[in-house]
Ligand SMILES: Nc1ncnc2c1ncn2[C@@H]1O[C@H](COP(=O)(O)OP(=O)(O)O)[C@@H](O)[C@H]1O
Ligand SMILES: [Mg+2]
């Protein structure tokens with residue numbers, strides 16, 4: 001059974017100018033342990049999709065299933081990361097990472113929480129920074145800490161909304177590799193929103209292209225690359241072709257002509 | 001080390017220069033005591049009325065602090081109501097602004113008639129009424145401007161509103177809260193003194209000022225003013241110290 005299953009979801013926001021349809025017949029299925037990257041024109045409803053999967057809001061129509069259960073509200077088996085790392089300035093990096101455990105496992109001894117957080121901080125290269133304040137870290141380091149916090153409670157599903165969007169190109173590539181290392185160490189199913197096609201192919205097992213607003217599933221690309229991916233796999237012809245297909249699909253989603261731009 | 005010494009020496013020097021200037025002003029103009037007392041008159045007033053000063057200062061202090069504490073709780077409650085509910089914000093904001101605009105001196109007779117003879121109660125009440133507004137506003141603004149993502153990191157785990165408030169919204173609002181508290185502590189102090197000075201049988205430093213006035217003891221009046229200033233400084237810096245402890249995020253949070 002698929003870990004994340006979205007069936008014919010429709011949703012509209014009510015605005016001053018009347019209802020604004022955002023999702024219109026969205027379908028998505030992510031098998032357990034898979035990594036699903038979602039791309040689409042800006043404003044098409046990607047963040048709305050993450051909020052629906054996280055149970056932060058309910059769709060007008062359609063169903064969202066997580067590991068065989070209909071999503072009716074928030075659940076402890078979900079982890080979230082955003083473009084803004086939203087670290088709490090009054091806590092150290094360590095205590096920021098521990099935060100979800102205070103909610104999910106209130107009876108867990110502090111010693112065990114610290115051990116778990118340190119294990120993750122070590123994995124993303126932040127050991128030695130655990131007692132620093134968020135403001136003392138660079139943007140890339142903060143995003144690493146934010147990723148640790150998102151998975152510290154071993155969620156089944158990790159939902160990320162453009163987590164690397166605000167980072168420079170080199171830092172971003174570092175974070176991609178960190179992301180892949182985390183996936184090898186920790187089993188989770190991932191849903192990643194991104195506007196970077198290379199990122200979607202490098203990290204994804206499948207790439208879902210959403211149409212312009214209101215979004216529906218326009219195209220699904222199966223990424224047929226080995227699990228072990230060095231960065232320079234991005235410069236192979238195989239990946240080049242995938243990126244080409246995705247770019248054409250994005251143009252269609254944006255309602256722009258496909259020819260003439262290649 | 002030398003920085004710490006500097007931090008102590010500079011304000012003391014400033015105060016000494018101020019006192020010297022005051023003394024010189026009175027001396028140059030040749031003002032007698034019934035026009036304006038000079039700093040050199042004050043020690044005599046303090047030693048003569050030492051008991052009254054201590055009792056008065058204590059009365060002024062505890063009533064100010066109690067009024068401020070009530071203001072903190074009321075302001076927190078109102079701020080939470082307005083911060084979490086837009087309807088409450090729309091409903092309460094104009095009321096609060098209107099209430100805040102009323103000159104508080106007009107409330108003295110109202111309170112005095114409502115609670116006849118309850119001098120302590122009236123004083124604490126005034127300290128509270130005059131000082132809760134900045135606290136309520138700072139909390140409501142802090143809560144209503146909290147970025148949704150901050151809420152979502154805990155809400156996505158099914159945390160209750162109370163947990164989100166305690167772990168995220170409240171600490172994030174603390175710097176604004178203490179900014180408001182610094183204003184409020186001064187206001188509460190003014191409120192206490194206002195009631196003390198205008199009540200016929202009042203207590204506290206304000207009442208001591210009034211008795212200096214009725215007895216034409218000008219050095220006593222000025223001595224009270226200086227004592228009030230000192231007490232005001234103590235209260236203000238007590239809030240600053242609390243701010244350092246609770247919102248001075250430079251220090252480590254827990255071991
Ligand atoms: N709470 C809301 N109320 C009304 N409109 C909203 C709300 N949230 C998002 N929108 C609108 O819905 C559309 C999709 O938003 P979003 O899901 O954030 O898109 P994306 O993440 O793909 O850029 C946008 O046009 C946005 O302005
Ligand atoms: Mg978005």
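Cβ from N, Cα, C; glycine included.
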When you get a sec, could you say which of B:155-176, B:177-198 is annotated transmembrane segment by TrEMBL?
B:177-198
Per TrEMBL record, range annotated transmembrane segment [choices B:10-36, B:91-117]:
B:91-117
Distal contacts, the transmembrane segment (B:177-198) - CB-CB under 8 A, six or more residues away:
60, 63-64, 67-68, 71-72, 75, 104-105, 108, 111, 119, 122-124, 126-132, 134-135, 137-139, 142, 204-207, 209-210, 228, 231-232, 235-236, 238-240, 242-243, 246-247
